[in-house]
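Noted in TrEMBL for the protein shown:
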{"type": "DOMAIN", "residues": "1-367", "note": "domain 'Kinesin motor'"}
{"type": "BINDING", "residues": "Gly78, Gln79, Thr80, Gly81, Ser82, Gly83, Lys84, Thr85", "note": "ATP binding site"}
Amino acid sequence: IRVRPLTCTETRRGDQQVVHSLGDGAVHVSAARHDATFGFSAVFDAGASQEAVFEGSGMRQLVELAIDGFSCTVFAFGQTGSGKTYTLMGPLAQSETQPASPALLGLMQRSFTCLLEQSRSRGSGLTLSASYLEIYNEQVRDLLSPGPPCALPLRWSKTRGFYVENQLSVEFESLEAIVSLLLQGSQRRRTSAHALNRHSSRSHALLTIHIRSRAVSAPPAPGEGWGASACPSKQGTLCFVDLAGSERVKETGSSGELSVEANSINRSLLALGKSWGTRLGSPAGPHRSPVTSFVAPPPAGHCISLLAKPRGKRTHIPYRDSKLTRLLARSLGGSGITLMVACISPSSRCLSETLSTLHYASRAQRVTSRP
């Protein structure tokens, strides 16, 4: 969990801070009618640095697992304006000519640095490439392909699962090259301004690093011929998912095209499992809350809700309900390893969304996979 600071606007408006870190992975939400404590693997308060989030979240270990051939995914999710893109990328005002301060770089750039360091230390056996796409109004668009954005078909096969046809993948060998691809794609991503966020992402974005290790033959043991002890090739992936923030149109003041985009975003998040309604005060980790107020429970069809159930009690997982859940099927319930970073606001005005995000994160941490 990452808690952003109160903004200048929230401070001037007199918003109260209702979210507090208790240490040891616990976060407490305290407001007039709500009092709840949640437990997670780690909680980063408003004073946590970008480096602290990278090291404390297990991101470095995830990079190493991807190099070893695992399918690894990093989610950033939460309300619009909660700091998701900042956590992944750092400041929005950065470009190839005006890079961000090293201290402000996000999980992506720090992971790229770690990946390239590991690649150099392991010799020339790794081939790295990147693909970058967005899901805008249920259309999949390639953010690296030149020319105007166009919708790409989403296919399925027994060997590959769900995949995007004709998606461009670009090889890279240096930090400058992959950061250039990241910034190039991010500038093409759809963003707009509304009442809660001047730079609101209007699409879900997925940047995937493909890591291929070539088969290397080790020196033969006595009595063996060359090739008998060859190390098999590996193919791992490291996928960064920047989910568009959930929105309440009444609060964002969206209308027209913005309203259509908001509805599309919310529908795909609903299919993923981030519902508006949850039981307030339900157990979260080792902590329990005495609060007994209720709102509508999430529908039974949400992917996260179903995956959080014990394997023997699961029903069909409806990955086909949205393009987002199709592309994330392997990360959610397959053989992948997934890190989920929930970004929340400490403002009393955002209490409802903050509780929704925390309950969703509580369900998500009960999901298990078999790497």
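Just so it is clear, glycine is given a Cβ too, placed from its N, Cα and C backbone atoms.
TrEMBL labels come from automatic prediction, so no person has curated them.
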**Request:** List nothing but the one residue from Gly78, Gly81, Gly83 whose Cβ has the fewest other Cβ atoms within 10 Å; the candidates are the binding-site residues.
**Result:** Gly83
**Item:** Local Cβ density at Ser82 (ATP binding site) - other Cβ atoms counted within 10 Å
**Value:** 28
